[in-house]
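Reading through the structure tokens given below for one structure.
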Amino acid sequence: MVLSRLAASGLLLLALLALSVDGKPVQQWAQGGWPRPGPEIPPLKVQQWAQGGWPRPGPEIPPLTVQQWAQNWPHPQIPPLTVQQWAQWGRPPGPPIPPLTVQQWAQARPPHPPIPPAPLQKWAPVQKWAPLLQPHESPASGTTALREELSLGPEAASGVPSAGAEVGRSGSKAPAAPHRLSKSKGAAATSAASRPMRDLRPDGKQARQNWGRMVHHDHHAAVGGGGGGGGGGARRLKGLAKKGAAKGCFGLKVDRIGTMSGLGC
């Protein structure tokens, strides 16, 4: 019984206290009459402007570098890169400042005429080269005689037939192949320019063998002199053939003849 009476009296006191106060602390805190706990909370617009989620009223505050450059007079003519970037992207009013590269290019170069638009610019004239020579065309007639002389061999160049040309392996005389020259230099130049050097040789196998003897005259030199030289060379070749050099060519190895003269057997 006693406990129930105490509880009822406590509840009655609390109800009377609430009726006596009735919103007075809230009104006092809003009017500034109550000491606010903690730091002062800014308004909602100020918070949004500080966080960047609300369009900021008034002009945008430039960075510190821009302010220092604007207050530091006299300053260089070209502003720093940070100032240029802020002027181009930070504040839209006012004429845009050209990039740093454009400013340097405009200040370093002398006044130049305006560059015409791309459709008005013409390509440079294409240079015309001289026609190339044909693969077998001879530019001058001086090389024609040299080609004829090389194609006919050393016999035609010297005018005297070699001694080895008259003597074969057995020592018998073989008729030399006649060399026919063209009637005019123009025809010879045309034929020499159109055919390879190998096709211009009118001689046969016997003449090529004589050419090889003349190139390697030290291997085919005769012991005797005069008219007996050819016979001595033939006898020497026969002796070499009997000694086991039959696999060679005129007493020499075939590969050696091929590398030195290019003719072979």
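Quick reminder: no glycine exception, Cβ is built from N, Cα and C everywhere.
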>> For the feature pyrrolidone carboxylic acid in Swiss-Prot, which residue out of Gln31, Gln68, Gln104 does the record point to?
In response: Gln31
>> Labelled pyrrolidone carboxylic acid in Swiss-Prot - which residue from Gln77, Gln107, Gln209 would that be?
In response: Gln107
> So which of Gln51, Gln206 shows up as pyrrolidone carboxylic acid in Swiss-Prot?
Replying inline: Gln51
> Swiss-Prot tags one of Gln103, Gln127 as pyrrolidone carboxylic acid; which one?
Replying inline: Gln127
> Which residue, chosen from Gln47, Gln84, is annotated pyrrolidone carboxylic acid in Swiss-Prot?
Replying inline: Gln47
>> Which secondary structure state does DSSP assign to Gln121 (pyrrolidone carboxylic acid), in the simple three-class scheme?
In response: coil
